[in-house]
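Chemist: Quick one: structure below, then a few questions.
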Amino acid sequence: MQFAFDSMLGLGLLACAAGVFWSRDLFRSVVMFIAFGLLLALTWVRLEAPDLALAEAAIGAGLTGVLLLDAIGHLRQHNEHSPRNHWLLPLLCCIALALLLILSFNARPEASISLPQLVAESLPESGVEHPITAVLLNFRSYDTLLEIAVLLVAAVVAMALNDGLAAAARTSTEQSNRDPVLAGFTSRLAPVILLVAIYVLWAGSYMPGGAFQGGAILAAGLVLLKLADFHIERYAESLLRLGLAFGFLVFLAVATSVMIGGRPFLTYPEAFAGQFILFIEAVLTFSIGLILFSLFNQSPGQEVPHDN
Amino acid sequence: MIYLQYLLVGAGCLFFIVGTLGLLRFPDTFTRIHAITKADNLGLGLLMLGLLPSTESLPQALKLILIWLLVLAASATASYLIAHYVKAQSPDALPHADTTSEEQD
Amino acid sequence: MTAFWWTVAALLLVTLLAGLIRIWRGPNPADRMLAAQLFGTTGVAILLLLAQAMQTPALNDVALVPALLAVVAMVAFVRRARPEAEEPE
Amino acid sequence: MTTDFWFACIGAVLIAMALFTFIRHTHLLRRILAFNIMGSGVFLILVGLAQHQRQTDPVPQALVLTGIVVAVAATALALIIFRRFYQLSGRTELDEDQQ
């Protein structure tokens, strides 16, 4: 039965992808893509990667789908012009690529060191019990530091592209028609979302969860508030802007401050590693949530696009 | 106990199948809203009841119940929103129900 | 017991994939979004069953997330999607 | 054929399909979608192949976790640029792609 489940899941992924690629109506593509995200979350579960399933579920349901629906809502027409005529050569090349990839899977050399074993051996020194959190925030924290930097750059570029436009859009929707049912539902759901985000962050030290998943859930909550016409960013704009860079700056400050004690960059004193990691993760969750939200909030074209 | 679990989970699964059948076979959007919000939520509730005895601890059991309540609230809101949306898109979509639904607007 | 959980999960996956037909056929955007909503609910059910079948209670947390956030995409659709312009170009 | 290997193969097919779409279609929104699915295919290969014949491996999982979050940020940025482009030019395709 497991086998049947896996086969159907895999074929379902392919069917969804085919739907995304070959539907002429772009709205249909977007909905297919949302379905694809959910199937992918199930796939991560089957690959025994619940962390990835958590992140995929939060991002797929709360962010990517919303961003795409928002974008397509501003297109005048959803149908695509006819695609290019020459297709035979690309098709053959792509089939060859797939075959080559699958064949190469069998031919790859055995790794000389076993990474899972290494991680398991040094897990007690990391200050957390969950191996993935240990990898992200202790063994490979360079990656995480640079990742938050990348996110920050993305948010800054979004702001630069949109300076002034968002403000104009905001005043234009001043007298928005807030739906009473949606507003009531959102104001009750928002605290639950915040609670779940904190729980996921806290759980990250001993079971699947952590800063990325928590941040994604937080961002989805903010997006929901925004969609239900709670203009949170109007009340605390400067605070929000500060929050964007907060995660990166605090992470960097912690990483360099250990050098005063004579340790290499980004290594925590063993006795306090757990507290250090939890602190950094809390700040990261906050920052990631704000950055992802501002990437949604900064989208241009809230008003009707040009008329020329 | 195990047979009760089988029964509940099986019934839940049945409701999911019925819900999907409704989504595929019903003629218009409004009827399809019924199919997925009613059948699927009942199905999820039965399934959750069936899974409760297998949970390891009280917090896990409470989490299951929380999930069901969340889905209930979310489905109710979502169905309201989509019905409103469809009605705004095509005001003449409900020729026979105009008199009753006007009062809610 | 485990075999039973797997069977039910596979059955639910079949109903989930059948929902793809409704996404494909439409006919209007609201129908497609409804099918996406079905994906959310059924996905939660499958995750709960997998948590039992694979003996990992952590998956209940994973099920919590789509239950919490399934409505967000629907809200985005209702609030932000506009109907297509009448004449194409 | 283990679960991990099966999904790695699915990932390979996804990459090929997405690449084909990326070459053939010129609509920028569809290209963003294709790019996303290509990324998912890469993630599937990374995790699936690393776990094939061995126990679960936290290192590729952590890498992919970073990858997923960066991918959503990249998608959001791409959508913002696309919408700005559409707002200013009214077109959904790049210049060199117009026939």
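Yeah, the Cβs are placed from backbone N, Cα and C, and that goes for glycine too.
Okay, these came from TrEMBL:
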TRANSMEM  A:6-23  transmembrane segment
DOMAIN    A:12-76  domain 'MrpA C-terminal/MbhD'
TRANSMEM  A:30-47  transmembrane segment
TRANSMEM  A:53-75  transmembrane segment
TRANSMEM  A:87-107  transmembrane segment
TRANSMEM  A:148-169  transmembrane segment
TRANSMEM  A:181-204  transmembrane segment
DOMAIN    A:185-288  domain 'Na+/H+ antiporter MnhB subunit-related protein'
TRANSMEM  A:210-227  transmembrane segment
TRANSMEM  A:239-260  transmembrane segment
TRANSMEM  A:272-296  transmembrane segment
Chemist: Do at least three C-beta pairs under 8 angstroms join the transmembrane segment (A:210-227) to the transmembrane segment (A:87-107), pairs 6 or more apart in sequence?
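Modeler: Touching, no - the transmembrane segment (A:210-227) and the transmembrane segment (A:87-107) miss the threshold of 3 or more Cβ pairs under 8 Å.
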Chemist: Residue list, the transmembrane segment (A:239-260) vs rest of chain: Cβ under 8 Å, 6 or more residues beyond ends.
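Modeler: Sequence-remote neighbours of the transmembrane segment (A:239-260) are 141, 144-145, 148-149, 152, 155-156, 233, 266-269, 276, 279-280, 283-284, 286-288, 290-291, 294.
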Chemist: Can you break down the domain 'Na+/H+ antiporter MnhB subunit-related protein' (A:185-288) into helix, strand and coil residue counts using DSSP?
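Modeler: DSSP classes over the domain 'Na+/H+ antiporter MnhB subunit-related protein' (A:185-288) add up to 80 helix, 0 strand, 24 coil.
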Chemist: Under DSSP, the domain 'MrpA C-terminal/MbhD' (A:12-76) has how many residues in helix, strand and coil?
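Modeler: Grouping H, G, I as helix and E, B as strand yields 56 helix, 1 strand, 8 coil.
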